[in-house]
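Features as listed in TrEMBL:
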type	residues	note
DOMAIN	15-194	domain 'Nitrile hydratase alpha/Thiocyanate hydrolase gamma'
BINDING	C105, C108, S109, C110	Fe(3+) binding site
Amino acid sequence: MASNHKHGDPLPETVLRVKSLESLLIEKGLVEAEALDALIDRYENKVGPKNGAKVVARAWVDEEYRQRLLTDATAAVAEFGFTGAQGEELVAVENTDKIHNVVVCTLCSCYPWPVLGLPPVWYKSAPYRARVVREPRKVLEEFGTLLPDDMEVRVWDSTAETRYLVIPKRPKGTDGMDEEALAQLVNRDSMIGTREAGKLPVAEGT
C-alpha cells in the first residue's frame with residue numbers, strides 16, 4: 001500500500017525482477033536500450049496520464065462532451081485519437097458531491113493504457129487490490145483523501161473486458177481557467193480515484 005513504502009525503501013521484488021530481466025535482454029542483444037527507452041517514454045509521457053487529463057479537462061468545460069464520455073467513453077476518448085491496446089472497452093465514472101469512485105483490478109492489473117499509461121506499482125500490489133475493496137475509506141485516507149461520512153464510495157473492479165476512468169471533481173476556484181490549464185490539475189491518481197484533482201500523485205515506486 002502506498003503509505004507503507006518510503007522513498008528510500010528497497011524496490012518491490014517485482015520491480016527488481018523486471019529490471020534484472022531488462023538488463024539481461026539488453027546484454028544479450030535481444031532488446032536495444034534505445035528502443036526500450038522509447039517504448040517507456042511513449043507510455044509514460046505520450047500514451048499516459050496526460051492523455052487522460054485532456055479528456056477530463058474537456059469534460060469539465062464541455063457539457064456535451066461530458067455526456068458523450070459518460071455514455072460511451074471508448075468513443076469519446078477516441079475523438080482525441082486515444083485508442084489501442086487495453087482501452088477497447090472503457091467506462092467513465094464521475095465523482096460528485098455525493099459519490100466518490102475508485103478503481104481497482106482485484107485479479108491482476110487491468111488498466112486503461114491509452115488514457116493513463118502504465119499502471120503505478122502500488123496499483124498492482126496485493127495489499128491495494130485486496131484492501132480497497134474491503135475498506136475503501138481507510139485506503140483513501142492513506143492517500144490523503146478524506147471523504148465526508150455521508151458520501152457514498154463506489155469501488156469499480158477493472159477486468160480484461162472493461163476498464164474504468166474516474167472523472168474527478170473539478171477543483172473549486174477554477175472557473176476562469178481554460179482547458180489547457182485545467183488539464184494541468186488532473187493527475188494520474190485522481191483518474192484512478194485515490195486522490196482528488198489538484199493533488200500530487202503518489203511517486204512511482206511507492
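Glycine residues also receive a Cβ, built from the backbone N, Cα and C atoms like all the rest.
DSSP classifies C108 (Fe(3+) binding site) as coil under the three-state reduction. Its Cβ placed at the centre, C105 (Fe(3+) binding site) has 20 other Cβ atoms within 10 Å.
When the binding-site residues C108, C110 are scored by other C-beta atoms within 10 Å, C110 scores highest. In sequence order, P119, Y123, K124 are the residues near S109 (Fe(3+) binding site), counting only same-chain partners six or more apart with C-beta under 8 A.
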